[in-house]
Amino acid sequence: MNTIAPNLDGKHLRIGIVQARFTNEIGSQMLKVCCRTLQELGVADENITVATVPGALEIPIALMNFASSEKFDALIAIGVVIRGETYHFELVANESGAGIGRVALDYNIPIANAVLTTENDAQAIERIGEKASDAAKVAVECANLVNLLLEEQFEDEE
């Protein structure tokens with residue numbers, strides 16, 4: 001049996017991040033934690049590109065444009081959707097999540113989804129560090145995995 005070990009070496013990786021500004025006080029903290037973790041994993045600061053969008057529903061279109069540029073090894077989506085008193089929460093949570101997944105599959109690029117969906121601000125604040133750090137690790141590990149698999153596929157075709 002062949003096993004591919006997880007690789008968290010971010011050296012030489014290019015990471016794009018899209019952060020929703022709605023609930024920015026939480027999202028901006030997540031962005032800081034995420035970038036710090038990427039740097040700890042070896043991703044050079046000049047290889048991290050950040051774009052912000054108004055809200056979670058706009059994240060997929062920005063990710064799609066990052067992905068279509070073919071300049072990135074992985075992408076990260078950061079945002080916060082907090083339940084209110086209307087159905088809008090479900091719409092935003094479901095549609096942003098579906099859009100993020102669609103971009104990943106359509107463009108064959110790993111996307112770490114760090115869009116929090118919580119009942120209240122306190123739950124979101126509690127999850128800032130872990131979710132943002134995990135997103136950075138997921139992006140690096142999956143970028144390395146996809147790059148390795150693509151290299152092997154290319155070698156098999158020769």
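Going from the start of the chain as shown, residues are counted 1 onward.
Backbone N, Cα and C atoms are what each Cβ position is placed from, and that goes for glycine too.
As written in Swiss-Prot, here are the features:
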type	residues	note
BINDING	F22, A56, L57, E58, V80, V81, I82, N113	5-amino-6-(D-ribitylamino)uracil binding site
BINDING	E85, T86, R127	(2S)-2-hydroxy-3-oxobutyl phosphate binding site
ACT_SITE	H88	active site, proton donor
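Across E85, T86, R127, which the record gives as binding (2S)-2-hydroxy-3-oxobutyl phosphate, the greatest C-alpha separation is 23 Å. When the C-alpha distances from R127 ((2S)-2-hydroxy-3-oxobutyl phosphate binding site) to the binding-site residues L57, V80, I82, N113 are tabulated, the minimum falls on V80. The 5-amino-6-(D-ribitylamino)uracil site in the record is lined by F22, A56, L57, E58, V80, V81, I82, N113, and its two most distant CA atoms lie 16 Å apart.
For E85 ((2S)-2-hydroxy-3-oxobutyl phosphate binding site), the nearest neighbour among the binding-site residues F22, E58, N113, judged by Cα separation, is F22. Under 8 Å, Cβ to Cβ, and six or more positions away along its own chain, E58 (5-amino-6-(D-ribitylamino)uracil binding site) finds A20. Highest Cβ count within 10 Å among the binding-site residues T86, N113: N113.
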